[in-house]
Every structure is written in structure tokens, then in C-alpha cells.
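Novice: Submitted below is the structure of interest, expressed as C-alpha cells.
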């Protein structure tokens, strides 16, 4: 049997988008949890500004799974396509602004914090992230974005979202992906110090915020022409402004509320637009 360049023979269980998705999620969970669960079992606590223990290897699980399943089912052509989307930076300026929009939410949050008479975070607070060494703001930003966010988004938006939305459409695909993304974090709830402080209401808020963020990322991914790079940047910037030691109290609440409102607004606009017979605003332009 001759197999052309970019094509791979696949066993029967890997034929079709459903099987590829199952393989991806099983592998992503297995890789990530195989790192995080031993930390939880041995009662390790991941703290902000400390290099060890760390969860960064777990964050790479979705990316490794995406490349593995893509290589097995799509061959070199599939891998080239994934890499091309991960490096797609030539997009209209407005989508770069969307990718950087958490900075705008930070500005609003800082203004609200100041107006409430609360202490503003120091610059060094933005350089303290869970499981990350104290290497300064730029170094931490690079790690957060091009290890953490890249590790996640290569899988969630680079691999899973396109396959889900081909079958279900952008909004339904996002609402399927969001709980799977949330559950993937489960072992981290036991090892990351900031998560361990959560109560039931905080976990509900995290799920709603993560779902809203997933809607924003679907919109950004599709409208930017499938740029995984831009969703990596958005995720990284959000983690810097909303996941570091700087994000507490009023500031954290304002940023979370703004992103949730943005996600709800996109859902409402999408439902209204499709009800009128127009294409989904969450889909490609």
C-alpha cells in the first residue's frame, strides 16, 4: 500500500473526528494528570513565586496530545498545518488588540481598586505566578505565555475546537469544550495554593468565567483566521493580569466580571444573529 506525503494509515478506531477527539482528550488528561496527581498524593503545594513544586509539565499535556494525535492521523501535512496556525501572526490589527484586551480589563480593575481606596499591586506582584521562579516580570511572562498558555491552547483551540465546531458549530462546540477544559484542571485544585483556598462558590465562579473565556477564545480563534498564536497570547496576558499575586480583591473581581460579561454578550449576539438567519458571529469572517 502506498501512502502519499502528509497521509498516514490509521487503525479503525482512529478513523473519524470523534475517534481523534477521544484519543486527544484521553491522552491530554493522562499526560497532565500523571504529573499533577502524584503531587497531590504526596501533599505537595504549588505556591506563587516558587519554582518547585511546579505544574508546568502538566500544562504541556494538551499540546503533546495535539501533536501526537495530529502526527498519527494527519502525518506531516497535519503537523505543518498545526505549526502554521501556531505561528500565524499576520492578522488584522483589531484581532491583536482583542488578544491584548485583558490589559484593558486590568486598567479598569486598577481604576476600580484605586477608587475603592484599596492598595494597588506592585509591579513585582505581576511576576509572582504559581510554580514559577522569581525571574522578573519579563521572564515570568514568557514562561506563562509560551510554556503554560501554549501548552494548553495548542490542544484546546489548536486541535479540539476545530474538530468540534465542524460538527456542532462554534457555540455548541465551545459549550462542549468548556467543561472538559475545566475538569482537566481537577488535580490542580488540590496542589495549587490559590485553588486550595477556594470554596464552592469560587469553583462555580471559576467555571462560569472559564466558559466565558472559552467563548471569547472561540471568537478570537475563528475571526483571526485560525490563529492559535493569538489565543495563546490572550491566555498568557490573562494569566498575568488575572492569575498572578497582583490579582486579588477588587482587581480580581473586576477582571473576572468583565471577561464574563464579554462572553455573555458574545453568546447573546451570536444567538440573536443566527435567529435572524445570519451566520454565527463566533465563526470565521
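Even glycines carry a Cβ here, placed using N, Cα and C.
TrEMBL feature annotations, pasted as is:
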type	residues	note
TRANSMEM	21-42	transmembrane segment
TRANSMEM	54-74	transmembrane segment
TRANSMEM	95-117	transmembrane segment
TRANSMEM	129-150	transmembrane segment
DOMAIN	137-241	domain 'CAAX prenyl protease 2/Lysostaphin resistance protein A-like'
TRANSMEM	171-195	transmembrane segment
TRANSMEM	201-221	transmembrane segment
TRANSMEM	228-245	transmembrane segment
TRANSMEM	251-269	transmembrane segment
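How buried are the listed features, and what sits near them?
Specialist: Proximity of distant same-chain residues to the transmembrane segment (54-74), defined by a Cβ-Cβ separation under 8 Å and at least 6 residues beyond the stretch ends, is recorded for 6, 8, 10, 14, 20, 23-25, 27-33, 35-36, 39, 46, 81-82, 130-132, 143, 147-148, 150-156, 158-160, 184, 187-188, 191-192.
For the transmembrane segment (129-150), same-chain residues at least 6 beyond its ends with a Cβ under 8 Å from one of its own Cβ atoms are 46-56, 59-60, 63, 86, 123, 192-194, 232-233, 235-237, 239-240, 243-245.
The helix, strand and coil residue counts that DSSP assigns across the domain 'CAAX prenyl protease 2/Lysostaphin resistance protein A-like' (137-241) are 94 helix, 1 strand, 10 coil.
Within its own chain, the transmembrane segment (171-195) is flanked in space by residues 25, 28-29, 32-33, 36-37, 39-40, 44-48, 53, 55, 58, 62, 130-131, 156, 160-161, 164-165, 203, 206-207, 210-211, 214-215, 218, 267, 270-271, 280, 282, which lie at least six positions past its ends and keep a Cβ under 8 Å from the stretch.
For the transmembrane segment (201-221), the list of distant contacts is 95, 98-99, 153, 156-157, 161, 165, 170-171, 173-175, 177-179, 181-182, 189, 227-228, 230-231, 234-235, 238, 256, 259-264, 266-267, 281-282: same-chain residues at least six beyond its ends, Cβ to Cβ under 8 Å.
For the transmembrane segment (228-245), same-chain residues at least 6 beyond its ends with a Cβ under 8 Å from one of its own Cβ atoms are 48-49, 82, 85-89, 91, 95-96, 98-103, 105-106, 109, 121, 125-130, 140-141, 144-146, 148-150, 152-154, 157-158, 213, 216-217, 220-221, 252, 255-256, 259.
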Novice: Where else in the chain does the transmembrane segment (21-42) make close Cβ contacts, counting only residues six or more beyond its ends and a cut-off under 8 Å?
Specialist: 14, 53, 55, 57-62, 64-66, 68-69, 72, 155, 159-160, 163-164, 180, 184, 186-188, 190-191
